[in-house]
Amino acid sequence: MSAIAIIDFGSQFTQLIARQVRGMGVYCEIFPSNISFETISKFNGFILSGGPQSVNDDCSETSRVVHEIIKLNEATSVPILGICYGQQLICHYFGAKVKESFKQEFGRTKIKILKESPIVKDTWDVNSEVDVLMNHADSVDTIPQGFTVIASGVINQTIAMIVNEQRKIYCTQFHPEVKPTTNGSKLLSNFLDIANCKRDWTMKSFIEEQKEKIKNVVGEKKVIAAVSGGVDSSVAAALTHKAIGKQLNCIFIDTGLLRKNQTIAMLKEIPINYVDKSNLFLSRLKGITDPEEKRKIIGNTFIEVFEEEAKKIGDVDFLMQGTIYSDVVESGHASDNTSTIKSHHNVGGLPEKMNLKLVEPLRYLFKDEVRLLGKEIGLSDEIIFQHPFPGPGLAVRIISEVDKEKVQILQEVDEIYINTMKNYDLYDKIWQAFAVLLPIKTVGVMGDGRTYGYVCALRAVTSSDGMTADAFPFEDKDQHLLVFWDFLRNVGSIIVNNVPGVNRVVYDITSKPPATIEWE
């Protein structure tokens, strides 16, 4: 089976490279930058990710793996693709000058294609201007010997893409793995062709591989699982159950922070124990306003409850979680070099000395892959295609302190928002939609009286993997916008007229980046 090694230097987008490669039917693995060369020496090609460092700083460990990969390339012509910091590392190795950019570039920009190359075959035409995503403070200032400039920045004349065709080394300052880059996936596909990769990796093969891994790790021991009714925990539970059957014990904990009338979607043949701990969670959140502290309290309490329930079951050694890769990336656990954006319920806030070992069968899958997996193992569309819901629940959608009254207000708003969205046939067009209760009150008028109520923010985004997202709607189609505008006016009116305590509704139009999808 063909395989690509992705060397992770700490980019927030590294996992998107893997998602793109796997989506093209090629197996790939992600390795930290301190990986031993023996581990990666047999791969068909190498992709060097971006990262937050500068090649002008001390990076001896980083340089080691790059030097070894380039030496392998010299001996075997194994293809290399360097992205952003990866480009800078390659250029630095060959003696080119990399310096801090006169004007740093973060976000969408345009590049101009200057020459043809196999890496841009059927991707972009020569002399065309292309939208790409840049995310760099440093840039390449001189061209290494043997390399040719294929593209440059339209505004800043950044060296955007260089190649050494003889050595099969390709470098981009921009990020082809991120959707704002037009046709970036085709560039990656061209690299896989250059590396002679067969497109033979499938979700079915991943499922069989994970089942075997779960069996080998767990053996004959019992596993306790957190299930919330959401996509991730449901798919993880179903996959684990297929691997070990009755050894899996699923528990649904009511934290008091769920959607109104939220119930666990039926998972056939998997028994589920229900535990109400809403008073415990709400009491521990009293007086807490910092979002990270909320997450850690919820994470600690969650594990504490599971440990208590595990004792009741007896002889439990493992805790299964529905952690997916976007959780890991945003928490800074994918690489030692990755900056933490925010901790996630499934990967942050865990006690340092946890009495249960972790089983995370979805840890290296993105949301769209999780849905494909769920479909493959026979879960219903009701489970698979529901919108994501955060592990900490409404606690991270109530800005500032959480209490029972605020939870009830937000539950009412959320129910109206989602149900009205479904009535407008918009729900399935949107990746994630939710309401946020803000920590401010504003003056309003209802009837002949003055009101002083909460402001509620509505959010709806489109995405495929949760790593980047656009506010919905993102297309300038008049009819599309008119329908959504009518929906917003209608749902805002319904909310303020039916939810006591709320007198103003606003809509969040921010994309990711620079914002995250959730507010906290």
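Numbering starts at 1 and runs along the chain as displayed.
Any Cβ shown, glycine's included, is placed from N, Cα and C.
Swiss-Prot has this to say about the protein:
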- Cys84: active site, nucleophile (ACT_SITE)
- His175: active site (ACT_SITE)
- Glu177: active site (ACT_SITE)
- Ser228, Gly229, Gly230, Val231, Asp232, Ser233, Ser234: ATP binding site (BINDING)
- 3-200: domain 'Glutamine amidotransferase type-1' (DOMAIN)
- 201-386: domain 'GMPS ATP-PPase' (DOMAIN)
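Shown here: features listed in Swiss-Prot, placed on the structure.
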{"residue": "Cys84", "record": "active site, nucleophile", "DSSP (3 states)": "coil"}
{"residue": "His175", "record": "active site", "DSSP (3 states)": "coil"}
{"residue": "Ser228", "record": "ATP binding site", "DSSP (3 states)": "coil"}
{"residue": "Ser233", "record": "ATP binding site", "DSSP (3 states)": "helix"}
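In this view, Ser228 (ATP binding site) is surrounded by 23 other Cβ atoms within 10 Å of its Cβ, with every protein chain counted. Note on proximity: of the active-site residues Cys84, His175, Glu177, the one nearest Gly229 (ATP binding site) is Glu177, by Cα distance. For the pair Ser228 (ATP binding site) and His175 (active site), the Cα-Cα distance reads 35 Å. Of all the Cβ atoms in the protein chains shown, 19 others lie within 10 Å of the Cβ of Gly229 (ATP binding site). Taking Cβ-Cβ distances under 8 Å and a sequence gap of 6 or more within the same chain, the neighbours of His175 (active site) are Phe13, Gly50, Ile83, Cys84, Val132, Leu133, Met134, Asn135, Thr181, Gly184. Cα-Cα distance from Ser234 (ATP binding site) to Glu177 (active site): 28 Å (rounded to the nearest whole number). Around Gly230 (ATP binding site), the same-chain residues at least 6 positions away in sequence with a Cβ under 8 Å from its Cβ are Gly322, Gln386, Pro388, Phe389.
For the pair formed by Ser233 (ATP binding site) and Glu177 (active site), distance between Cα atoms is given as 27 Å, rounded to the nearest Å. Straight-line distance linking the Cα atoms of Glu177 (active site) and Asp232 (ATP binding site), rounded to a whole number, equals 24 Å.
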